[in-house]
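Chemist: Reproduced below are the annotations present in Swiss-Prot:
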type	residues	note
MOD_RES	66	phosphoserine
DOMAIN	353-490	domain 'NYN'
REGION	619-646	region 'Disordered'
COMPBIAS	621-646	compositional bias 'Polar residues'
REGION	681-717	region 'Disordered'
COMPBIAS	681-691	compositional bias 'Polar residues'
MOD_RES	760	phosphoserine
DOMAIN	791-870	domain 'RRM'
DOMAIN	875-949	domain 'HTH OST-type 1'
DOMAIN	1003-1079	domain 'HTH OST-type 2'
MOD_RES	1091	phosphoserine
MOD_RES	1093	phosphoserine
DOMAIN	1099-1173	domain 'HTH OST-type 3'
DOMAIN	1175-1250	domain 'HTH OST-type 4'
DOMAIN	1259-1334	domain 'HTH OST-type 5'
DOMAIN	1335-1410	domain 'HTH OST-type 6'
DOMAIN	1411-1485	domain 'HTH OST-type 7'
DOMAIN	1486-1560	domain 'HTH OST-type 8'
MOD_RES	1571	phosphoserine
REGION	1677-1726	region 'Disordered'
COMPBIAS	1679-1696	compositional bias 'Low complexity'
């Protein structure tokens, strides 16, 4: 069903054919009013459409007669019987009348609802639920008739004879569907309970209803009980009717109600599927009954109507349905009654319309529905016409399969053509247009959907010659020549602007699990796995795990799993017969098989064989088993309930939820009943008789699950009672554990906390079963529903190329089909990580949307959809801990709610649900105070804070997935009592502010083993206060200096030792210790012992970069903590707001970045410095920059300080990097980054070099193009350095592997493409941006896109910035292009746009570019004709071009700034490089050097062509080397020749294939040197060879042209002198060419004697042409000095060998003709004009 048409009301205006004249008798039916007239149409609301515009009918009504031609003449007025004589007395009945049921219906209660209505063609019909109740009567003023057509036989009215016939239908909704009663001609022994009813939509007034009498051919008339017509949730229950009762039904009587004008349809039968399809309609209350209406007293005309036309056309429940036409007063005939012929003749009077769609030119937009396009075409153009043709032409192998399927479903003729053939689609459509013109006559309408100018001739012919009405649906770039011939013009972009997206044709693929039991326990797992793999391999199975006597297999889809289950069931696995099931068994099953309780749970293999994994079916199986064995104990009942309702995976839940998602919760609960015990312990519970008795109605309801339409509420009283007494609890797998409101009661899953694993739409690696566990209803109070306020759905992998508005609209439309959407929020449009959060109203709708829309294509990407749990997923205990950590730092442990929320979200990185705070009754209290709420920590929860706060430690292990933990040791002695010099040291008298940090000068290479030795003697810990004393005692003097005297802080220097750290004890004393409380292994990588960067708040990452940038500007990278805030303010010109990072104290913020910042000392005199890890990283970057600035990429250690000064303009100070010697920090850098070598007794630091292979260089060139493509989609063509890798992976769908390009670091790869990418450093942050040249190229492409989207390809200069921001999503910055105004910018883009002054102001216009293809061919000829050096400078190439073609070469005319850029855009043809003189040069690629030889070879042959099987030998003989196609990357000669389509092409088939030189390549230029292969064939000195340059290949040579300019007609004629001995018509034709045929040329010439050969005196200017390829030399008289050639003349080779010339005075004319044209490009006709103006053409095509 197409969206968007459901609100259309076909009865918004009064139907003329339902009205009666005021003076007419009520029993007269006037058929002249059965046809709508223009004057009968009342004004209607703009929301509604005219009836004929609605094409969503069940059958395509092609034979509708004209209202003006087929009025009352065909159907005269027919008197109807007196209605008053048919009224029945009103009799009171009981509230629930008894309705007898037929023997074929299921044994249902007498109150079982019956479905009336039906339709064909998909869902075109409508239906209603009718509950038995009191009978209807009618007191309305209007008349409605009921159709009697083929349908189900009516129930005998014997039980309804005393029914009441009065009712009031004033409550019917205005959009009530059409109704008609259907009966059957043949009497059946067993008649169904009810027939089908269609209700016509009513206007404000309600139609009068009449009694329906007995009909001829029917056993009896039926009274049909109905209920009130409401607009509630529609539903249906379907009758059960055997196949034999359906097929022979024929239409007996029919009144035309719905179709205007009436229709007589052909056919006899209808299909069962159309009648059985559910349809949506209103529900009928049980308070009203349907009256009986008398039809006209006529003879039956048994015309069976086909209700299904096979096209799958769908309609909405509010649209008119299929109606039957009748023939009054005529005898019945089984088939082919005269009325059909009459209707067909009337239909022929309507003008035909044909639609011809060039779908390759005007294609269906990506992700849009072709059905909607076809429907829109029919709605727009088909009114008042009959569809005669609807054809589209395309290559079905190239077109989207979904589009082809939709076109076929819409009965559009899809003609297949070969996409590689030139103009194949255009030729096919033109042929169809001509056939349409020959078949139909005016008046007729032709709708052409194309922009191709090739149709101009046909449109002109159809309009002016045939008188057709032409409607052209075209794109914006349509040619004026095409637009001129259409009567109506419609823009294709506007026509399809608001198309709905295409619905997914198939469900997303999900994996299915299969469980195998009874495996042998005495075999090793590998053998069992191999056996299972062999059994399931042909079904695509994979063994996931084997545990004990069970195993789990995974299959790619449900079908494969079911097929594997059938094949593997009872198979022998090492002596055991295995059991295969979709549902997992309890764990005790394999362990204790002898247990009686477990044995009752085990089902036989036969019962386990085909579980359908559906909630409804599982419920029915469980309830049916309970019904069959009501006497069994509670264990059997509970066991079956638990077992049979198991579902294997998350996808099953999604699939089941999507099936039942359209029903409301009450209906769903009514059909998902389970027999459950009333206690939480299922093993001890005893099922009550009341619960056991629920099984029967549950079984019947679930048995009819296929007959339930959406949103029906039909629960029986027994079920409603059961809802109050039974609790249905669902236990989801780990990924869905956040979605459940109930607590697990299984002893295996005793934990009440929710799983913290993240959601994933595809649980490929999880085998958790989805079990419906029995729970006590009291558990709901302990675990409230986390989705009470709706469910959030996360959408990722969104196409960022679409605008935000369009994305929001598409997501809204997609999710609205699965339930009510509360909101759609899009994340910021940055770094390709555009995401959306869609909030659905309830969990069921969200799960259904996840199942249906996962990998649904929106734009050019398939979105990834998953449920988002948000703050609801946090356990209360974790939330309590997080809340305490925030409030403990607040004054008085209280914070305003808004402030608390802000700090919480910034600190923990996720949203806070305030309602969850109210659940923490034992932790916090929320009080109303003043204008807001206050969150306070309860006194019982205020934990004692450490006096040191959260002191830092660099431990390498962490439980929070971060290597950084804040370690607090137990109490530790403040000093070493053994070595402390101050023996009277007192901890209580020690003032931390008095501690002075010592600075030392030491070698780290020497100091590191000493520290480890010191820790070894001190049992692993040394107090920092006494560390100098202990060191002196162990190793002698310690060189201590004052600050700023070249020393390094001792505390920092200690942390430079690998494996050693400084921690803080609980009493505030810093202690030197090993990281893992033991010495590190000798081979441990020191980097593994360093602290790693924490993964957390991106604000902290930004702050850490700012800290590095600030500290490296300080002397020795040290700053007092008291100076941090003012220095930060001065350095960054902004305040450092601690609260912005989620902290309340500065020390906490500084401690939050321990990977970059180290806090030295204690008390108020603490110092801040960079960690050793940050210093090494900083030094590495500086060293690489220094080395790259050197010409040799290396530096001698002795000259390092001088090189450092030159590079950074400051003196070298090693203490800036936290060490005392250069070698200490150089040794920390990995060998893959720099290397140390010894050269001439000098230590040299250099960058390790590795010669890259040619493949790696080529990949790097391709990588540069990828970078350009990636950055062009970024705002301002720049992005952060750290976002490149994820963005690259997201954009291209592959990883960026540095080794693939021959690098080990990403920065080195970027430095290898300096012409494309620049790396800008903004402090510690690096920014990637395109170079200036690439930026302007990208901007030019944006301007082209922007202007092409505008009308007339122009835009006012004042609107440029606004339109730019609207189109690309970010503002345009002029400073990025070093311009101050738009005018200056347009001057730099003169090759793309131009500025024009018009009346309204300055306008930016898109310039018209010249064809690059023709220029490419011309440049290729120049380069192939150049025989000097292997390369040619760009300037020389330009000069040669201008001198050869006498035309200046302006690259701007082709859309390029320079000729170099133009040549670089042809990478497969030429290579552009810079020579030693820094000149830009160009040369042919290796492939086109081969093409150059091929061109020279073919110039030596007749007609420049050669047989393919002779090519290799000829090439080897010509060039002198064997042809090896693999050298050029191709496997065969034919494939190699196909790789140079600009030079040659291959025609013919089989052994007759010929290699033909392209026409563009045939010219040989005299301005360039000749081919070396032809030097030996040059004439002697007395003779000269002159070659004529040609400008195009279709020109012809005219000999003896004098100075006067002859007419164009004379130039086309070949005029021969009378003394020429050559007879061109008698020369033999080469055997390789087909026989020619002579035919008149249609060229209309001026009045002249075309046969006459004019005799002209020979002039010295006449020349002869030498055919060098045939090695014939024709002398030219000495007096012939000049060669006159028309600019269009071509150098033509002789077709035949010429005999020797006996005299030097004789002149010969040799003619060459290429009879075959290239298929890749349609060339002008190249025909030889003979004396009689005949032309040569081949009879057959090879």
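Backbone N, Cα and C atoms are what each Cβ position is placed from, and that goes for glycine too.
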Chemist: May I ask whether the domain 'HTH OST-type 2' (1003-1079) has at least three C-beta pairs under 8 Å with the domain 'RRM' (791-870), counting pairs 6 or more apart in sequence?
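Modeler: Output no: the domain 'RRM' (791-870) is apart from the domain 'HTH OST-type 2' (1003-1079).
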Chemist: How many of the residues that make up the domain 'HTH OST-type 6' (1335-1410) does DSSP mark as helix, as strand and as coil?
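Modeler: Split into helix, strand and coil, the domain 'HTH OST-type 6' (1335-1410) gives 40 helix, 15 strand, 21 coil.
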Chemist: Could you break down the residues of the domain 'RRM' (791-870) into DSSP helix, strand and coil, giving a count for each?
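Modeler: Breakdown, helix to coil: 25 helix, 26 strand, 29 coil.
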Chemist: Check the domain 'HTH OST-type 2' (1003-1079) against each of 353-490, 1099-1173, 1175-1250 and return whichever range has the most CB pairs under 8 Å.
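Modeler: Comparing 353-490, 1099-1173, 1175-1250 against the domain 'HTH OST-type 2' (1003-1079), the winner is 1175-1250.
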Chemist: Give me the mean pLDDT over the domain 'NYN' (353-490), rounded to a whole number.
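Modeler: On average, pLDDT over the domain 'NYN' (353-490) sits at 89.
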Chemist: Write out how many residues of the domain 'NYN' (353-490) are helix, how many strand and how many coil, based on DSSP.
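Modeler: Going by DSSP assignments, the domain 'NYN' (353-490) contains 54 helix, 33 strand, 51 coil.
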Chemist: So, by DSSP, how many helix, strand and coil residues make up the domain 'HTH OST-type 5' (1259-1334)?
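Modeler: Tallied per class, the domain 'HTH OST-type 5' (1259-1334) gives 42 helix, 15 strand, 19 coil.
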Chemist: For the domain 'HTH OST-type 8' (1486-1560), how many residues does DSSP put in helix, in strand and in coil?
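Modeler: So the counts come to 43 helix, 11 strand, 21 coil.
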Chemist: So, by DSSP, how many helix, strand and coil residues make up the domain 'HTH OST-type 1' (875-949)?
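Modeler: Result for the domain 'HTH OST-type 1' (875-949), in helix, strand, coil order: 34 helix, 15 strand, 26 coil.
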Chemist: Give me the DSSP three-state residue breakdown of the domain 'HTH OST-type 7' (1411-1485), ordered helix, strand, coil.
Modeler: 36 helix, 12 strand, 27 coil
Chemist: How do the residues of the domain 'HTH OST-type 3' (1099-1173) split into helix, strand and coil according to DSSP?
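Modeler: Grouping H, G, I as helix and E, B as strand yields 43 helix, 11 strand, 21 coil.
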